[in-house]
Amino acid sequence: MPLGERAGDKSDSRYCGVETEFNDDIPQLLSLNINGGFDFVVATLMDPAYRPSLKGDNDKSCDVLPFAGSDLVLSPSQWSSHVVGRISLWIDLDSEDESLRRDSEICLKQEISWASHLSLQACLLPSPKGTSCGNYARVVNQILQSLNNMQLWLRIPLEKSDDDSVNENGGLQREHTDSWEMWNSFRILCEHHSQLSIALDILPSLPSANSLGRWFGEPVRAAIIHTNSFLTNAKGYPCLSKRHQKLMSGFFNHSIQIVISGNQDQKHPLRSMDVDPNNNKNHVESVQRHPLRPYLDYVGYLYQRMDVLSEQERFELGYRDFLQSPLQPLMDNLEAQTYETFEKDTMKYIQYQRAISKALQDRVPDDDSSTVTILMVVGAGRGPLVRASLQAAEETGRKLKVYAVEKNPNAVVTLHSLVKLEGWENIVTIVSSDMRCWEAPEKADILVSELLGSFGDNELSPECLDGAQRFLKEDGISIPSSYTSYIQPLTASKLYADIKSHKDLVHFETIYVVKLHRVARLAPSQPVFTFVHPEYSTNNSNQRYKKLQFELPSDTGSALVHGFAGYFDATLYKDVHLGMEPLTATPNMFSWFPAFIPLRTPLCVRPGIPLEFHLWRCCGSTKVWYEWCATSPTASPVHNTNGRSYWLRKGDLG
């Protein structure tokens, strides 16, 4: 039974599982736990007493492996939907004992083969036994090469000690434990395989918030929380600390399933919470005997008190972590559906209207009712900025003459219909032309555009406005007046896996647009390139280069950088801003998703060692492109040399 219902949430985090001990009566085991309110069981597949080396040469009965029942005891859908296989805990493929090592390899392969035969969706692998896991990873990687769609969850304890923590005697202890290092070593040995993921063991004590944050960019599929991690509230029911509660909210928001493990704590009553989430009395009575039901009810309570997804969040669900190529507005004409999506972004046009109102008030004094302001909308699309400009004029009591310049002939058709419908024929002149080659009949007081990309300049706004500023008066106003790009290092294992799946260079040398979700932002963003309009400098060039250094917070621990998020912040006019840089982002705006700049080989960044990144904006006669590389902690190749994989075409001016 799902933990609850949240409008728009169809993620796996609605389902809660329970870890069970070996039971050769799988139907009874499943029935007990499903009727107890759980959605799936993590069940041991093989008798834990079994060892291949103990099998007698002449013992024919040993040819039948001691699995927990045949595949016929459950239906295929039950195996697939309600059972996660737990691989035997005794397995140790890096043991010094050769016999144990050999038994472990045989048994691991037998159990995974059986789980694959059952069409299980996942198997839980035991944690590596020590710091060295080379042989364990080698065997798992062998298995992954021929595995069906099943996921392998590697169990990793969520622990990281502080370097300078104080021991009980008041002295400093410098033992350093970071389970992320174990995971990183294992997944590198397995070549970042997309079917290898993580099941985090949640312990009573948690690392720092920065250390925890790393894991949300990793492929965590499940969080196993033991009953001894729970506290007891005043009424005797299980509960979690505030930090554990916050962590659980993060798991729910990132489609991570909760698994409850352990035995009922004697401090907690053997009954359910007072209120069943579905108000189903009979159901509560029928399942109240499950010893772990109080813990399940509490997890359900945490899930149900989550904020309902907003309309914007529900709109963005389908775009989360989905790689998209940026628009090429100079090379391609946008489709009606794209225009419609952008036009629904009310906040963006509110900000534009505010900026235009302020510019009109600065341009024309309040007591001057006769002056007509010449305003040009370059890249008018289907007219939202034209409407915002006229509303600003009405709001401020100023007179306008508007030129709406648009190169897309299909959008021009809509513009003509809009002008006729609204009765703007005497105010708005529609120009079907590329702004860079149009010869304006008069100069403009105000030049308005919405040509910004996710990275600010990555849809050729500088090139377009350079071509358009020749018909702006010397004291004219450009809206936006400036914009700055920002980048931020990320752990983004899902995005990396999606790019890697293409098995080519081109996809690693492309800058994407993506609604970032399952990522870890490792350090504050830093500014990169700034463009100002109008730009009258005689030696002006749109080529740029920036070297940046990032340092991870000291309590984060090591982290893997898969690439960089790109944002922008724009000054429309004076104090009116528009942007998506995390610290200054315009609220409730969805026209832009961040850019993602990938690295061909992820970089492991350790505490105290800076991450040095270089970014170039290169301009040729027909195209603009970006090149990038890292030089610390290790050097990477320069990506996208000469724009060989990804570029922005300046388009045809003919």
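The backbone N, Cα and C atoms fix where each Cβ goes, glycine too.
What TrEMBL records for this protein:
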- 37-305: domain 'PRMT5 TIM barrel' (DOMAIN)
- 311-479: domain 'PRMT5 arginine-N-methyltransferase' (DOMAIN)
- Tyr339, Lys348, Tyr349, Glu406, Asp434, Met435: S-adenosyl-L-methionine binding site (BINDING)
- Phe342: site 'Critical for specifying symmetric addition of methyl groups' (SITE)
- Glu450: active site, proton donor/acceptor (ACT_SITE)
- Glu459: active site, proton donor/acceptor (ACT_SITE)
- 482-647: domain 'PRMT5 oligomerisation' (DOMAIN)
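Distribution of TrEMBL features across the structure.
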residue: Tyr339; record: S-adenosyl-L-methionine binding site; Cβ neighbours (10 Å): 18
residue: Phe342; record: site 'Critical for specifying symmetric addition of methyl groups'; Cβ neighbours (10 Å): 18
residue: Lys348; record: S-adenosyl-L-methionine binding site; Cβ neighbours (10 Å): 23
residue: Tyr349; record: S-adenosyl-L-methionine binding site; Cβ neighbours (10 Å): 19
residue: Glu406; record: S-adenosyl-L-methionine binding site; Cβ neighbours (10 Å): 25
residue: Asp434; record: S-adenosyl-L-methionine binding site; Cβ neighbours (10 Å): 21
residue: Met435; record: S-adenosyl-L-methionine binding site; Cβ neighbours (10 Å): 25
residue: Glu450; record: active site, proton donor/acceptor; Cβ neighbours (10 Å): 24
residue: Glu459; record: active site, proton donor/acceptor; Cβ neighbours (10 Å): 21
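Distance noted between the C-alpha atoms of Phe342 (site 'Critical for specifying symmetric addition of methyl groups') and Tyr349 (S-adenosyl-L-methionine binding site) is 10 Å. Among the record's S-adenosyl-L-methionine binders, Tyr339, Lys348, Tyr349, Glu406, Asp434, Met435, no two C-alpha atoms are more than 24 Å apart, and one pair sits at exactly that spread.
For the pair formed by Glu406 (S-adenosyl-L-methionine binding site) and Glu459 (active site, proton donor/acceptor), distance between Cα atoms is given as 16 Å, rounded to the nearest Å.
Looking at Met435 (S-adenosyl-L-methionine binding site) and Glu459 (active site, proton donor/acceptor), their Cα atoms lie 15 Å from each other. Taking the Cα atom of each, Tyr349 (S-adenosyl-L-methionine binding site) and Glu450 (active site, proton donor/acceptor) are about 10 angstrom apart. Cα to Cα, Tyr339 (S-adenosyl-L-methionine binding site) and Glu450 (active site, proton donor/acceptor) are separated by 12 Å.
Lys348 (S-adenosyl-L-methionine binding site) and Glu450 (active site, proton donor/acceptor) have their C-alpha atoms 10 Å apart, to the nearest angstrom.
Counting only the Cα atoms, the space from Glu459 (active site, proton donor/acceptor) to Asp434 (S-adenosyl-L-methionine binding site) is about 15 angstrom. A Cα-Cα distance of 15 Å separates Glu450 (active site, proton donor/acceptor) from Asp434 (S-adenosyl-L-methionine binding site).
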